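As recorded in TrEMBL, the features of this protein are as follows:
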DOMAIN    21-109  domain 'Nucleoside transporter/FeoB GTPase Gate'
TRANSMEM  26-51  transmembrane segment
TRANSMEM  63-83  transmembrane segment
TRANSMEM  95-114  transmembrane segment
TRANSMEM  126-147  transmembrane segment
TRANSMEM  175-195  transmembrane segment
TRANSMEM  224-242  transmembrane segment
TRANSMEM  254-279  transmembrane segment
TRANSMEM  285-303  transmembrane segment
Amino acid sequence: MHKGFNRAFAGLPREYRDVSLSLFRIMVPALIIIRLLEGIGFISWLGTVLAPLMAWVGLPGELALVWVTTMATNIYTGLLIFFTQPDLNLTVAQVTTLGGMMLIAHNLIVEGGIARSAGVRLRFTLLWRVGGSLLYGILLFHLYGMLDWLQTPWTPAWQPEAADPSLKAWAWSQLQGLAIIAGVIALLLVVLRLLRWIGVEALLQRMLAPCLNLLGIGRQAASLILVGLTLGLAFGGGLLIREARQGHIPPRDVTAAICFLGLGHSVIEDTLLILAMGADISGVLVFRLVLTLVFSMLLARVLKAMPDTRLGLITRPLR
């Protein structure tokens, strides 16, 4: 028993170092780039440029800034911008539509970098998630309108505290976030090794294999998909980077997994944030999961039919 335990946890410190460094090499430069883009006003400018698109999803043009900020940074920052908008006379349907779009397309600089390191081209990640976000908004807008659903006036039940805009406060906040990520990665790796040792990982793989097969994902990625679904793309994607570079998961499976998680990750924390915004669970969770499954199954068919010579349009060589 002791020998089996030792084998199960052999090389854990090295694995922790590799996974953490691969994530931090992506995240630290991305966080600095985001700060610079905010500082030069690029995000505000882009929000103005994209304002006409908001008519497609039945939202005021001013809310384009919320969408763009969320795509460039994260959901919490997007919420801060949302609650600073003056005289928001919105319906619950409109808030749900915006919230659903934020859930699909957020933190794209960091998460796009993670997907790229796992072997998915950045341009495809942006097309997949920004296009998916816009299409989801269009679908929700027309669905709620046709059914005359959630057309009651929206009233805010919660408002996030404004963040300290100083560089010092920003740097400290990022360091705290990175420290939390480092701790969560350590805990995740220990738990995954423990699940593998007691046989739970193999059981999960067998249970999820039929569903994952429809999504074009091999059973080897089952536990990593669960991590990404519950905790977020940074954690699930970080583990996928390691598996992809070691050749444990084929490129098509990695692409399918990353794209699946791109639309449907962090279903606990992110969902609760948008629900606290005043959105309805139908668009925040139920329809979002349906969209994720349908889009992922369609992508799986495309990847399966695509010849190796064309796969480079979506994937990139790992280094």
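A Cβ is built for glycine as well, from the same backbone N, Cα and C atoms used for every other residue.
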(message) Please report, as numbers and ranges, the same-chain residues at least 6 past the borders of the transmembrane segment (175-195) whose CB is under 8 Å from any CB of it.
(response) 8-9, 12, 15-16, 19-20, 23-24, 27-28, 201, 204, 223, 227, 231, 234-235, 238-239
(request) State the non-local partners of the transmembrane segment (95-114) in its own chain: residues 6+ outside its ends, Cβ under 8 Å from one of its Cβ atoms. (result) 23, 26-27, 29-31, 33-34, 57-59, 63, 66-67, 70-75, 78, 82, 122, 125-126, 129-130, 132-134, 136-137, 140-141, 144, 150, 154, 233-234, 237-238, 241, 262-263, 270-271, 274, 277-280, 282-284, 287-288, 291
(message) Averaged over the domain 'Nucleoside transporter/FeoB GTPase Gate' (21-109), what pLDDT does the predicted model reach?
(response) 91
(message) DSSP on the domain 'Nucleoside transporter/FeoB GTPase Gate' (21-109): how many residues come out helix, how many strand, how many coil?
(response) 70 helix, 1 strand, 18 coil
